[in-house]
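Reading through the structure tokens given below for one structure.
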């Protein structure tokens, strides 16, 4: 066996074992017949092609083995969490605008008083309606309202593009998450309350109340006379503002059961990565606008585009591995019994 053949076989290990058993010899034969005489290493094109096809086969196998194993239920819960985040961001923006309006700022845009409040007011309304429909178990209404939310987010971008174009690009990640929420609710097959039960929904409500309270405190900090002692709260501010609502939602996801909560974690990680990628792409586009596209910029855009898929694929593989190990452990326990 030549050095080149050994290296080809190492690359082929990325394929599932069943695929290798059926096709490895044939694939090695084709690769060796097309290699130049005296070559010791696979060509970059062959290596990339094998890695791409191997990952596709392995991830496809993992997705196939996990079909109907809680992903649709996890999609409903993840959709609720993301809709809550979008609603929270809109409420925060609306509260800030109303405070300025109450101090005498006309919130004028394009010559119209109060127009700057139209965007956060519309986003607050639609995402609170989405959350309400999801909690009540109205699946079709939830999907329809989420689709309207996509249109509202797109309208907000158009509005701000006429006012402050830079801020319009900042809203791109919210538009992306609105599309994701719609897809998650459309993919789900169970109402949220059937997945989380009463205890889980109570934890979601608790997280929402904590988020609202910390937002109110945040707004009061900007006033001349805050209604709490900032010296006491400063030490715990970051934890209270960000950590406590997230912990409440994580506890709610925990009530969904072992199989579903792992999938909620994976989908939530993918959603966070999508938001990160869209924000980073905003920076890439800004650099291209001023300095033109560069090789580094193009590579960065490609890597950013692949990140959510890598997170999803890695999460699916880890879930499959964990469940196989758990199944083996359960089998050993039953054998000893």
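Each residue, glycine too, has its Cβ placed from N, Cα and C.
Whatever TrEMBL says is automated annotation, not expert-curated.
Remember, it's a predicted structure, so these values are computed and weren't measured experimentally.
Under the heading transmembrane segment, TrEMBL lists 73-101, 121-138, 145-164, 170-188, 200-219, 239-257, 264-281, 301-321.
Beyond its flanks by at least six residues, the transmembrane segment (145-164) meets 79, 83, 86, 109-110, 115-116, 118-119, 122-123, 126-127, 129-130, 133, 171-172, 174-175, 178-179, 181-182, 185 of its own chain at Cβ-Cβ distances under 8 Å. Here the transmembrane segment (121-138) has long-range neighbours at 76, 79-80, 83-84, 86-87, 89-91, 93-94, 145-146, 148-149, 152-153, 155-156, 174, 181, 185, 191-194, 201, 204, meaning same-chain residues at least 6 beyond its ends whose C-beta is under 8 angstroms from one of its own.
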